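> One structure, as structure tokens, below. Some questions next.
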Amino acid sequence: MIPPEIRRSVLLQKAIKLALAGTLLTFASFSATAADPSSDTETPQPPDILLGALFNDVQNAKLFPDQKTFADAIPNSDPLMILADYRMQRNQSGFDLRHFVDVNFTLPKAGEKYVPPAGQSLREHIDGLWPVLTRSTKNVKKWDSLLPLPESYVVPGGRFREIYYWDSYFTMLGLAESGHWDKVADMVANFGYEIDAWGHIPNGNRTYYLSHSQPPFFAFMVELLAQHEGDDALKEYLPQLQKEYAYWMEGVETLQPGQQNQRVVKLEDGSVLNRYWDDRDTPRPESWVEDIATAKSNPNRPATEIYRDLRSAAASGWDFSSRWMDNPQQLSTIRTTTIVPVDLNALLYQLEKTLARASAAAGDRAKASQYDALANARQKAIEMHLWNNKEGWYADYDLQNNKIRDQLTAAALFPLYVNAAAKDRAAKVAAAAQAHLLQPGGLATTSVKSGQQWDAPNGWAPLQWVAAEGLQNYGQDDVAMEVTWRFLTNVQHTYDREKKLVEKYDVSSTGTGGGGGEYPLQDGFGWTNGVTLKMLDLICPQEKPCDSVPSTRPASLSATPTKTPSAATQ
């Protein structure tokens, strides 16, 4: 007779083998066509790979209202052992999946609700939030999806418990305005660390975000830090700027006209531009059930294709928007990877210009000239391929149909923001934005009502700032004032009623948070805080700063951009 302890050991070994097989099968079924960087043994695996069938079953059981909850849960022991245990128990009578999860995982804690002191002005409220939103994760538990960072950082707030790439730049604008240059330096250091560790800045510091980046604002961050530290900041982060550029341009050397590789595109005339791309083609762990349902709703397309386009939209920061869809009412028609975004290419133009400046600061004039030439080539490609001459605004290019898209979105302001627009075209964009996107509460993201959060009637703080500063770059101060004043009034009215700043706003009126999307409205909120402080400086004179939005609209903006216009604006 076999002793019970040996029998249990044999059974456990069999279960582990089954668990391993199941994990590999799960990986194969979801990732067969993916060029997955997380397959590298040095790269931590996301929870859907670590936990295989268990992850799929928990998410499909909808144990938690937010799918991000289990994606952020920490296994209490080796995931393979947990998975083996699960395979042994799951078919037993009375098995309780929620109890199993509670025993084997540490779930993320709900953040304590911040109650601000009574009677605070808008500025006082924001200044009081910085320590509330600051986190430190120098050390994380084994198997945690959270990735460690060497310095403290400011999170957006709400369900967003980690650092996010493009959010952080607008948060950093506010930190700098508040005099927290130490926090700005810490966050730039964290992003530099991520570039060194992973070859790029992921969407956020989670394992499940490693397969894509976000709008590339690292150059802006370094330029911001250089305002305080001078050219030393440019020289210090030149290697990381170069690595990020290499990530976005990977594969360009071998491309023939009409070909694409990951994030880079070569058009038929040889112009080189970029697109958003995710290295995986699986459901997103933080939105697992939603992505599976989206793919099932369009059986005429391969599910893996839809998954990659959903992930690539997350990389764009605009998740989700009619901008990426053939049918704005049907998310499964999303095709992000066949669209060349105007805002992404404007940001990469800025990266090239910053690389030129940093190379010059480091004494490498030859490299500086090379990067300037690349920036000039991109600027010409933007003017050639991302300008809709019929409509009179900048737009995205459609690779599938080989033509410029007609839709006007707030992304049209990005060439103005980076000083890459021709002067006459900037004036046309200003007129179009005023006529089609400007609403009582700020600038709408698009004019389409799709139910997605990056569409009408929502307006987002970063896009308000891009618009206001871009319009000022070209002397469109009246429209810039309208965007600034209307959005600030919206923020102030919402704060007066609810005592909080939120992630997005309904700009069809004032005093209402935005809706739509995959999750409830979040408060905090990092980038809204930063943009609000900067906009308060725009409408109030330096000698008499304001702590809240004035009741009377100022006659003109008080501050002007400090950027040096590029040759395109001369």
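Including glycine, each Cβ sits where the backbone N, Cα and C put it.
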> Would you please say which range out of 490-516, 544-570 has the annotation region 'Disordered' in Swiss-Prot?
544-570
> Gly317 (substrate binding site) to Glu503 (active site, proton donor/acceptor): how many Å between their Cα atoms?
13
> How big is the Cα-to-Cα gap, in Å, between Gln214 (substrate binding site) and Glu503 (active site, proton donor/acceptor)?
17
> Take the Cβ of Gly317 (substrate binding site) and count every other Cβ within 10 Å, whichever protein chain it belongs to.
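There are 23 of them.
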> Expressed to the nearest Å, what is the distance separating Asp319 (active site, proton donor/acceptor) and His212 (substrate binding site) at their Cα atoms?
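Cα-Cα, rounded: 13 Å.
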> Name the residue among the binding-site residues Arg159, His212 whose Cβ has the smallest number of other Cβ atoms within 10 Å.
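So among Arg159, His212, the binding-site residues given, the one with the fewest Cβ atoms within 10 Å is Arg159.
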